[in-house]
Amino acid sequence: LHMIHLHWYQYPPMNPMMYPLLLIFMLFTGILCLAGNFVTIWVFMNTKSLRTPANLLVVNLAMSDFLMMFTMFPPMMVTCYYHTWTLGPTFCQVYGFLGNLCGCASIWTMVFITFDRYNVIVKGVAGEPLSTKKASLWILIVWVLSLAWCMAPFFGWNRYVPEGNLTGCGTDYLSEDILSRSYLYIYSTWVYFLPLTITIYCYVFIIKAVAAHEKGMRDQAKKMGIKSLRNEEAQKTSAECRLAKIAMTTVALWFIAWTPYLLINWVGMFARSYLSPVYTIWGYVFAKANAVYNPIVYAIS
């Protein structure tokens, strides 16, 4: 009880019908996510042609998403069944930590996937090819930095607390002290605004490079009086462009999923009167459901 902010006590209990809806939604997304990401990992690890340095990043993304749902899904089912957090204060902190950790690892893995596409498509032969050693180093950097940021609340820089209808736990965005808020300012920059800026920058140049390449191909085909100039090299470039589109889709879905939860954090800091348990819990659940999208995107592609 000492971890629950007084803001949540002013609201009446949530409509009992909401809990079965949350339970069904989490059951559906949990099974879909665990199965989809497991299949993604299995296929990429057991298909020789897919065991490339770039796909190590894809496997890391699937592992991060799998871990998120594996740790979020069962506790959420329990708390929705009992209509409140029943797993104790320690597990609340662990739960909040793991959710933040996996979300942070996912977006920075996507940033490195985007950067690899930028290197291949924009820089071309001038770019340094991604090696297994370099991809492994990137993955190590992702997890070390994510761990460092997400462990900070355990040492007094912000904290993990129950939120919304008290069936989930996350960072404390209702405390007004400057120390707690400073963490959210910096963390928002680190896991949202900076990745978004890098991604937009890379894809602006990727789109320009692809458009220039396609125009060059069409012009050359016209000069030669043929319909298409799709030789082996062109087919390879086309495949790289498809991979860039897949990466862009996964990144876009991540930002669509996590933007409502970011807004909840900032509304909690500056306009908490607009923050209700219903909006908060659905924003929270929608963000976690992002772990479902990636295997679907890769399967369709």
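Along the chain as shown, residues are numbered 1 onward.
Cβ coordinates are placed from backbone N, Cα and C, and glycine is handled just like the others.
Annotated in Swiss-Prot:
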- Cys92-Cys169: disulfide bond (DISULFID)
- Asn165: N-linked glycosylation site (CARBOHYD)
- Lys288: N6-(retinylidene)lysine (MOD_RES)
- 1-18: topological domain 'Extracellular' (TOPO_DOM)
- 44-55: topological domain 'Cytoplasmic' (TOPO_DOM)
- 79-92: topological domain 'Extracellular' (TOPO_DOM)
- 116-134: topological domain 'Cytoplasmic' (TOPO_DOM)
- 156-182: topological domain 'Extracellular' (TOPO_DOM)
- 205-245: topological domain 'Cytoplasmic' (TOPO_DOM)
- 268-278: topological domain 'Extracellular' (TOPO_DOM)
- 19-43: transmembrane segment (TRANSMEM)
- 56-78: transmembrane segment (TRANSMEM)
- 93-115: transmembrane segment (TRANSMEM)
- 135-155: transmembrane segment (TRANSMEM)
- 183-204: transmembrane segment (TRANSMEM)
- 246-267: transmembrane segment (TRANSMEM)
- 279-300: transmembrane segment (TRANSMEM)
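If you look at the transmembrane segment (19-43) against the transmembrane segment (183-204), you find fewer than three C-beta pairs under 8 angstroms, all six or more positions apart, and that falls short of contact. Mapped onto DSSP helix, strand and coil, the topological domain 'Extracellular' (156-182) counts 5 helix, 8 strand, 14 coil. The Cβ of Cys92 (disulfide bond) has Met3, Trp85, Tyr160, Val161, Pro162, Cys169 as same-chain neighbours under 8 Å, each 6 or more residues away in sequence. Across the fold, the C-alpha of the residue listed as 'N-linked glycosylation site' and the C-alpha of Lys288 (N6-(retinylidene)lysine) stand 16 Å from each other. Summarised by DSSP class, the composition of the topological domain 'Cytoplasmic' (44-55) is 9 helix, 0 strand, 3 coil. At the 8 Å Cβ threshold, with sequence separation of at least 6, the transmembrane segment (183-204) comes into contact with the transmembrane segment (93-115) through 3 or more pairs. At the 8 Å Cβ cutoff, the transmembrane segment (135-155) and the transmembrane segment (246-267) share fewer than 3 close pairs (sequence separation 6 or more) and do not count as touching.
Cβ environment of Lys288 (N6-(retinylidene)lysine): Thr29, Met68, Met69, Met72, Met76, Gly99 lie under 8 Å away, each six or more residues apart in the same chain. Cys169 (disulfide bond) is surrounded by 28 other CB atoms, counting those within 10 A of its CB over all protein chains shown. Sequence-distant contacts of the topological domain 'Cytoplasmic' (44-55), counting only residues of its own chain at least 6 positions beyond either end whose CB sits under 8 Å from a CB of the stretch, comprise 62, 113, 116, 129-132, 134-135, 243. Cβ contacts within 10 Å of the residue listed as 'N-linked glycosylation site', excluding its own Cβ and spanning all protein chains shown: 26. Outside the topological domain 'Extracellular' (156-182), and at least 6 residues removed from its termini, the chain residues within Cβ reach (under 8 Å) are 3-5, 7-8, 14, 18-19, 22, 76, 79-80, 83-85, 92-93, 95-97, 99-100, 264-266, 268-269, 272, 277-281, 284-285. Sequence-remote contacts of a segment are chain residues at least 6 beyond its ends whose Cβ falls under 8 Å from one of its Cβ atoms, and for the topological domain 'Extracellular' (268-278) they are 7-8, 11, 14, 18, 164-166, 173-174, 181, 184. Sequence-distant neighbours of the topological domain 'Extracellular' (79-92) (same chain, 6+ residues past either end, Cβ-Cβ under 8 Å): 2-3, 13-14, 16, 19, 22-23, 26, 160-162, 165-169.
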